[in-house]
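Read through the structure below, which is laid out as structure tokens, and then see the notes.
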Amino acid sequence: MTTFSNALTPSDIWADVLAVRTQRPLVHSITNLVVMNYNANFLLAMGASPVMAHAHEEVRDMAAIAQALVLNIGTLEPYWIESMRQALAIAAQRGIKTVLDPVGAGATSYRNQSISALLAQASPSVIRGNASEIMSVAGVAVQTRGVDSGAAVSDALQAARDLAKSTGGVVCVSGEVDHVLDASGRHVSLSNGHEWMTRITGVGCSATALVGAFCAVQPDAWRATVSAMAYLGVVGQVATQQVQAQGLGVGSLQIALLDQLQLLDRVTFESVLKMASSPITA
Amino acid sequence: MTTFSNALTPSDIWADVLAVRTQRPLVHSITNLVVMNYNANFLLAMGASPVMAHAHEEVRDMAAIAQALVLNIGTLEPYWIESMRQALAIAAQRGIKTVLDPVGAGATSYRNQSISALLAQASPSVIRGNASEIMSVAGVAVQTRGVDSGAAVSDALQAARDLAKSTGGVVCVSGEVDHVLDASGRHVSLSNGHEWMTRITGVGCSATALVGAFCAVQPDAWRATVSAMAYLGVVGQVATQQVQAQGLGVGSLQIALLDQLQLLDRVTFESVLKMASSPITA
Amino acid sequence: MTTFSNALTPSDIWADVLAVRTQRPLVHSITNLVVMNYNANFLLAMGASPVMAHAHEEVRDMAAIAQALVLNIGTLEPYWIESMRQALAIAAQRGIKTVLDPVGAGATSYRNQSISALLAQASPSVIRGNASEIMSVAGVAVQTRGVDSGAAVSDALQAARDLAKSTGGVVCVSGEVDHVLDASGRHVSLSNGHEWMTRITGVGCSATALVGAFCAVQPDAWRATVSAMAYLGVVGQVATQQVQAQGLGVGSLQIALLDQLQLLDRVTFESVLKMASSPITA
């Protein structure tokens, strides 16, 4: 069994960024109808190669040539959930990394059933969602939107730790602070980004796609997730500052995010990054 | 029965703009595949919260937690029309506002049948379309594209009045001048906007989504529709002027519209707005 | 039988550009879920009128009123392939031009079967793809991604010539150099564009849509294809230079392409265009 390091430096993350840019991994995404275009452009701006295919006649063949698989249930239908299940089965069999974005978990019982069906097929390498989604997937009842309050964040982290243990994989809880943790107790928190990123549809979904791209080139899924979320957080913060300095808004931010994904340099990245190890006292 | 005012001032409209920005209403959209992403970004830039869900397994659950429902038949299929019908039934039962965009009405008989099926389920609070679409929904045969000529506009307005009476709701005929009228005879015309807005896919559909967001916070559906269309018209005019002053085109306008939806201030809004009451002589 | 000219000048191409801008042809696109929005905006920026409809209940009616039909199998499903087949039958019957983009040909056997099913219905007026897609459609086995190497380009051109002969139509092989050839042996190569255009999803698909718009106004499908590809190549090169001069990236390029599609002037076009006749020695 491979043992991965617990320590992670900005240099490590930058090495992963360069690996995506140079290796151009093929990422198979089965995602929602709203964000497909932006997800694909996110991956391309980052240097990865997106492929989107969901027909039952070919979804296994496509999963068989990809370097990572990303599943997103945003606009789920029975046909698409079955596509995801089939792709997940092939990916698990091949040993490529799989990333699940449980969009809207908890909003309807059909979403919860669909997530259960996917988890029953295979445990994803990474699950990324906001606090209420992660709590819902972990089986914790969520009542209100106010889940980002202090008390709720600690509830969400406990749910995330439980979920990581039950799946044996990585869990990322994103929000004002992003937390990335795994079954072995590794935990990093990231404090970049900007609230405006939530005013563009598909940035969360595209973060998940980015995690897939990093997982395709970095065998440690926890490190890959930290690297993807760290990079996107800095990209988002730098892009928002640029846009606001010009008196522009969230439309321009949508474009600036893509530009910075492609162009951000190492010096800026390392000077802006805010990363902290969060020791877990379970 | 609530009685609403016939008079409407720029201050009233601005109050509605602020209500959307601060209350962030959840707008359930079942819309077409082409404009989903832009619609969602439109609503987010405006401050609203879009949710898009259409599976028969959850569409009723989602309609049950939304503050408004928006239906758009642009890339209709039987499955999606049935989703819309189910959502419309729940929305009507709950008393939340519903907005219908009959995209391409009159272009094929299947579109006309689908619109009839939706209207048979429940009358939408608001129907928004261009002159030929509104005429088609109202049962007036439309022959040519040249429906925006002077004579045809008066035909379209008569059709809109008839449609408002038969549905008991609000009808918005958009074009170079936007007309918003209701069954009680209230009628406002708005003369902002710019022809370039028709060179971006989904601006009309996004106008409809915006009407949904305003209807979620303003109980008078006629006023909500006027406010949404007035705001978008000014946003579009200001954004086009900015883009043209920089020598840029309709690609940049797509982004500038989102920026202005988010950032437009009251002074600019009130100074640019062109609104007139149009007394109806039936 | 109409005879078309073998010679083609920058003035001829510019005349076609103006024809699209002024005639605003209605282009019926049945395309993939990822690029629908960008395709529609591409056509609108160019001055054409896109319509997207795929329901079996109306797809024939829509094909019956369009001036050109564009088919793209990017996110194919059996239902959508059947939509394409029905639309293709109507278009062939009416004699309007049809353009096929065999996205991902060769990647899965289902894609190959679907392409065969479409070709069995009717030969498209134009097929546009990259080298490996064209080779796959022509029945040449493709093994690697490295198909753009010198030797492989000559293989792809031979495959394109064979395909043009078997379909009796036009074939466009796009890449660093675009080749447009037909069954009669006409062949032009175009050397504009920029590598960054491959970092935006849907530019290839939108090129195909553009070919459809030009085919709607120019009866010689080979000339229409050359004109569309030449115009887009110059647009892309000019837009990339502008974006790079401002230190911006591929996100901004996505928007600048739309701006230039709308605004590019004749003097710039003719000064940047790199077109060469490539005599074929078969």
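Cβ coordinates come from backbone N, Cα and C, glycine included.
Please treat TrEMBL annotations as automatic predictions, because they have not gone through curation.
Predicted, not measured: the structure shown is a model, and the values here were computed from it.
According to TrEMBL, the protein has these features:
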| type | residues | note |
| --- | --- | --- |
| BINDING | A:Met52, A:Gly202 | substrate binding site |
| BINDING | A:Arg128, A:Ser174 | ATP binding site |
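Locations of recorded TrEMBL features on the structure.
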residue  : record                 : contacts (Cβ under 8 Å, 6+ apart)
A:Met52  : substrate binding site : A:His28, A:Ser29, A:Ile30, A:Thr31, A:Met36, A:Ala40
A:Arg128 : ATP binding site       : A:Val99, A:Leu100, A:Asp101, A:Val171, A:Cys172, A:Ser174, A:Gly204, A:Ala207, A:Thr208, A:Val211, A:Thr225
A:Gly202 : substrate binding site : A:Val34, A:Val35, A:Tyr38, A:Asn39
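In this entry, A:Gly202 stand out among the binding-site residues A:Met52, A:Arg128, A:Ser174, A:Gly202 as having a C-beta under 8 A from a C-beta of chain B.
Proximity to chain C (Cβ-Cβ under 8 A) holds for none of the binding-site residues A:Arg128, A:Ser174, A:Gly202.
Neighbour count (other Cβ atoms within 10 Å of the Cβ, all protein chains): 25 for A:Ser174 (ATP binding site).
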